Amino acid sequence: MALDGELGEQEEEKKKKKKKKRKKKKEEEEEEEGAEKSSSPFAAAMGEDDAALRAGSRGLSDPWADSVGVRPRTTERHIAVHKRLVLAFAVSLVALLAVTMLAVLLSLRFDECGASATPGADGGPSGFPERGGNGSLPGSARRNHHAGGDSWQPEAGGVASPGTTSAQPPSEEEREPWEPWTQLRLSGHLKPLHYNLMLTAFMENFTFSGEVNVEIACRNATRYVVLHASRVAVEKVQLAEDRAFGAVPVAGFFLYPQTQVLVVVLNRTLDAQRNYNLKIIYNALIENELLGFFRSSYVLHGERRFLGVTQFSPTHARKAFPCFDEPIYKATFKISIKHQATYLSLSNMPVETSVFEEDGWVTDHFSQTPLMSTYYLAWAICNFTYRETTTKSGVVVRLYARPDAIRRGSGDYALHITKRLIEFYEDYFKVPYSLPKLDLLAVPKHPYAAMENWGLSIFVEQRILLDPSVSSISYLLDVTMVIVHEICHQWFGDLVTPVWWEDVWLKEGFAHYFEFVGTDYLYPGWNMEKQRFLTDVLHEVMLLDGLASSHPVSQEVLQATDIDRVFDWIAYKKGAALIRMLANFMGHSVFQRGLQDYLTIHKYGNAARNDLWNTLSEALKRNGKYVNIQEVMDQWTLQMGYPVITILGNTTAENRIIITQQHFIYDISAKTKALKLQNNSYLWQIPLTIVVGNRSHVSSEAIIWVSNKSEHHRITYLDKGSWLLGNINQTGYFRVNYDLRNWRLLIDQLIRNHEVLSVSNRAGLIDDAFSLARAGYLPQNIPLEIIRYLSEEKDFLPWHAASRALYPLDKLLDRMENYNIFNEYILKQVATTYIKLGWPKNNFNGSLVQASYQHEELRREVIMLACSFGNKHCHQQASTLISDWISSNRNRIPLNVRDIVYCTGVSLLDEDVWEFIWMKFHSTTAVSEKKILLEALTCSDDRNLLNRLLNLSLNSEVVLDQDAIDVIIHVARNPHGRDLAWKFFRDKWKILNTRYGEALFMNSKLISGVTEFLNTEGELKELKNFMKNYDGVAAASFSRAVETVEANVRWKMLYQDELFQWLGKALRH
């Protein structure tokens, strides 16, 4: 990125060039002085320079402060000087020979120590500071041309500080034709083979020093060593070939912040097909931000304790050590960590040896890793304790957490299922887990739910710690699925890694899909892959992918900011949905064998999507089927969006239907605005499964491959009284529409005997109908007519699908005058089932009895709908339970509905209840309880309390950074707080963007959550005006937000009157 003041620096440099001769003497004096300077580690790092360091800028005003500093005079220059002495004083031939010999010896000496006297990125020129210094030495540089060849000659006057450079690339007129440091990707000329990384952590002032030795293979001759580095203060760089050839002279080095690379400029070209050893000594901060090597804290027995932990994915390893920070550059790692003996350290591999020192420090040396990428390297320094178990194959599994959490047994559930999951994946993939151990680390603060570091997976506490006495089934399910996801990554992502970030779905899509497959292994009765996958993955991502601003699951990465952008729900959830579709049309057993081959062939390496397609095609071929997987799947992965299939009965020919496909877009007007869509007529090869049925019978399933825009097909047994149903059990990633006659027949079937259709088909019909109506493909009454059958529905999934589909419609209508008509209609559909199911017993403890899961989740869903839409009995019950808790100080609220009761009570009752929940939020130590208490505070109808909570959310000592986003989003979902959250978001945007900007996934979640239910012309105008002043990395998220709000406004303009008219008639009959 361009830095402030860059043009001014160039002008100033031109002036300095004119004065160079006059200043030469002064420069040489300053160079000599600079060679002697050193300072204590990061003396000013936490002071004025800290802001510049954190912002990634140089933090310097001196022109060319980043340029290369002093290096020793070359051999040629010394020889020239001695020749002039010979000529001037007519020295004898013997004297000349003696001087020449001396010059040769000096030349060798300078070559050996050349790197020691070179300048450093983030460090200083002309001799290195002592170990631990900050490298703040004078010097700036330019290239001089003389008879002896090119060299970097420093100019005195610059001052480098931690996180800045003391060297900079040459000016435009001096640059070489090809500059490897300006490219997004590393050149590939060099490949790392092995890293020796030695760290010393100073937890008392949150700094660390490091020494990294990298063995690199030179593939193509080059004069530059370019690797990633950011926010590190480099003190010293050395390069050597091997013992026979010795040191390689270094001319200088500089940091290029636009691409976050360290460039080492050499005096000679490295030879291809040779190996070299690069040594870098550096210092850095243990950051307060949640990326790189960062710090977190917790309170134990009234004392605040700190820990250091890493988050390197996708591009943050470079903030902890200079490295080749791209997934393709796999290498082995040997890590050593020196820390105070009061702490323990963890990394990907087990500790091999620990060396204790008399001064209270210890150095842990970890075993060497297998080949791996930098982004899932990890380490941690903490005061935690652990529990452990061992798998059948001998893998040691440990869970590390705060001592009080371990003592309570909060990590026991995670430890238990992790052991089982490793055994499951080893059997399913037929590839053993590759490391001797797997540590699970629960930390108070983390930018994501979890990170799959190989052998050291890191989780935020809320996604791994579970206290059975206060945790609901819903919370247990969340914890389970996060753990299943991360353990899958030990194979998909860690063992086999995508070549580049454009195919991040190859790891995230598989891990997300296996969340449901792995949970089915743990709890077979839950039917996660066949049922819950629909509502939690398919329906959710199709909402996002139905926008004109969506993108393909495989998307180009053209600049550094694009890398963070690819980690979104399209990669995770659409990737998972496409994998599920692929597994279903291939057949699960063939698909499984294909995955086994894929992992075996590419283990410890990298793979691209074509490698997967080829392996799966071969698996099909061995099974006697010939499908070109790449041809089919490229259309689904390289095109954005998805199709809507429309099945029309042919009125002129019996047993004939017409099938059409078109790109589904929620807002048709957005399609005409998007240039990328105007000239594209997307087509997909669609595996359409189809059945014919009537009131008592359903035919066997048939598959039709639809590849054209319009096709005619003959269907057996299709008569006037029969209905058609497409995309059976919603295994395909598309929607299905029908003519109105067929919709009427399907609605009639649901009302007369819904069990003729499977649970998944019933849920699929509900979601398709609501989405098609929202986009204008169907009349608004069709989905509302479908849900009339729900009073007879006994299964959880259709209720869950209906609840999710009604939610955005409710938010579009909840601030309108005649909202009560919609509210009354929904209550009418819920009332019968609410009375039948009742409330859970007080003694229900969230047991994992599989038979109760579906029933308890159904009961919870119906109670939530009843309380949300104002059922009087539900409100009374919630108020009674809250009042009993306050008066008795005993919480007898059933676990599985606590969040509903807390929210309803805060909404209905007075400020004292809000204050009581606020007090309980502060006093509880159970992370699951803390989360639902905080969210309950956002349910208040009191705008003053909501404003108070929004302001408190910015205090990290009160609300954790990752929880603050949820607070703001939940206030925005409250009709009494939507405008407050929207105003707060705009007023505090600079603070929020600074806090979450680099964690783009969190920033996108915040932008979407605050804006998704804005639906007035005024709010749309405010959003567009706000966007005019912002063009940062979250610009794509704002574009999606604008499209969403435009679609909301358009729907209200076109359809709200139609909806209310129908509702009014329906309630009168």
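Don't overthink the numbers, they just go from 1 along the chain as shown.
Using the three backbone atoms N, Cα and C, a Cβ is placed for every residue, glycine included.
Annotated in Swiss-Prot:
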type: ACT_SITE; residues: E486; note: active site, proton acceptor
type: BINDING; residues: A449, A450, M451, E452, N453; note: substrate binding site
type: BINDING; residues: H485, H489, E508; note: Zn(2+) binding site
type: COMPBIAS; residues: 15-25; note: compositional bias 'Basic residues'
type: CARBOHYD; residues: N134; note: N-linked glycosylation site
type: CARBOHYD; residues: N205; note: N-linked glycosylation site
type: CARBOHYD; residues: N220; note: N-linked glycosylation site
type: CARBOHYD; residues: N267; note: N-linked glycosylation site
type: CARBOHYD; residues: N383; note: N-linked glycosylation site
type: CARBOHYD; residues: N650; note: N-linked glycosylation site
type: CARBOHYD; residues: N679; note: N-linked glycosylation site
type: CARBOHYD; residues: N694; note: N-linked glycosylation site
type: CARBOHYD; residues: N708; note: N-linked glycosylation site
type: CARBOHYD; residues: N729; note: N-linked glycosylation site
type: CARBOHYD; residues: N845; note: N-linked glycosylation site
type: CARBOHYD; residues: N951; note: N-linked glycosylation site
type: REGION; residues: 1-46; note: region 'Disordered'
type: REGION; residues: 117-179; note: region 'Disordered'
type: SITE; residues: Y572; note: site 'Transition state stabilizer'
type: TOPO_DOM; residues: 107-1069; note: topological domain 'Extracellular'
type: TRANSMEM; residues: 86-106; note: transmembrane segment
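On the structure: features taken from Swiss-Prot.
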residue	record	Cβ neighbours (10 Å)
N267	N-linked glycosylation site	19
N383	N-linked glycosylation site	15
A449	substrate binding site	17
A450	substrate binding site	21
E452	substrate binding site	23
H485	Zn(2+) binding site	25
E486	active site, proton acceptor	26
E508	Zn(2+) binding site	27
N708	N-linked glycosylation site	10
N951	N-linked glycosylation site	11
N729 (N-linked glycosylation site), number of other Cβ atoms within 10 Å: 17
Y572 (site 'Transition state stabilizer'): tally of other CB atoms within 10 A of its CB: 24
Euclidean distance between Cα atoms of N729 (N-linked glycosylation site) and N708 (N-linked glycosylation site), Å: 23
Distance, H485 (Zn(2+) binding site) to E452 (substrate binding site) (CA atoms, angstrom): 9
Top Cα neighbour of N453 (substrate binding site) in the set of recorded positions H485, E486, Y572: E486
Where H489 (Zn(2+) binding site) falls in three-state DSSP terms: helix
Listed recorded positions (N453, N694), ranked by Cβ neighbours within 10 Å, top entry: N453
Mean predicted confidence [pLDDT] for the topological domain 'Extracellular' (107-1069): 90
Candidates A449, A450, H485, H489 (binding-site residues) - the one closest to N951 (N-linked glycosylation site) by CA: A449
Spatial separation of M451 (substrate binding site) from H489 (Zn(2+) binding site) - C-alpha basis, Å: 9
Inter-residue C-alpha distance, N205 (N-linked glycosylation site) and A449 (substrate binding site) (nearest angstrom): 28
Three-class DSSP secondary structure - Y572 (site 'Transition state stabilizer'): helix
Cα-nearest neighbour of M451 (substrate binding site) within the listed recorded positions, N220, N267, Y572, N729: Y572
Cβ-centroid neighbours of substrate site A449, A450, M451, E452, N453, 8 Å, sequence order: S313, Y448, S457, I458, F459, E486, H489
Nearest of the recorded positions (N220, Y572, N694, N729) to H485 (Zn(2+) binding site) - Cα to Cα: Y572
Shell of the Zn(2+) site beyond H485, H489, E508, same chain only (C-beta within 8 angstroms of their C-beta centre): E452, E486, C488, F492, G493, K507, F510, A511, H512, F514, E515, Y572
